[in-house]
């Protein structure tokens, strides 16, 4: 099961309930991005298989952001 799908669904619901005003849904966008980033860092070779919802998100993350997030996530394991 896609671990980030629930956040994508929450985002769609939030956008629909707020006339597609992204400013009203920033927390959910942040949560979805975090989920995608964590799944990419923990499963870089199977990333798109584990979370099809996040397909294409990695290109949005710059290398510096990925390195910083990886250290934080690995430290928490």
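Each Cβ is built from the backbone N, Cα and C atoms, and glycine gets one as well.
What TrEMBL says about this protein:
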| type | residues | note |
| --- | --- | --- |
| DISULFID | 4-35 | disulfide bond |
| DISULFID | 14-25 | disulfide bond |
| DISULFID | 36-54 | disulfide bond |
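Sequence features, as recorded in TrEMBL, placed on the structure.
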residue: 4; record: disulfide bond; DSSP (3 states): coil
residue: 14; record: disulfide bond; DSSP (3 states): helix
residue: 25; record: disulfide bond; DSSP (3 states): helix
residue: 35; record: disulfide bond; DSSP (3 states): helix
residue: 54; record: disulfide bond; DSSP (3 states): helix
Within 10 Å of the Cβ of residue 4 (disulfide bond), how many other Cβ atoms can you find? Include all protein chains, please.
22
If you count the C-beta atoms lying within 10 Å of each candidate's C-beta, which of the disulfide-bonded residues 14, 25, 35, 36, 54 ends up with the smallest number?
14
Using C-alpha atoms, which one of the disulfide-bonded residues 14, 25, 36 comes nearest to residue 4 (disulfide bond)?
36
Between residue 54 (disulfide bond) and residue 35 (disulfide bond), how many Å separate their Cα atoms?
9
I need the CA-to-CA distance for residue 35 (disulfide bond) versus residue 25 (disulfide bond), whole Å please.
16
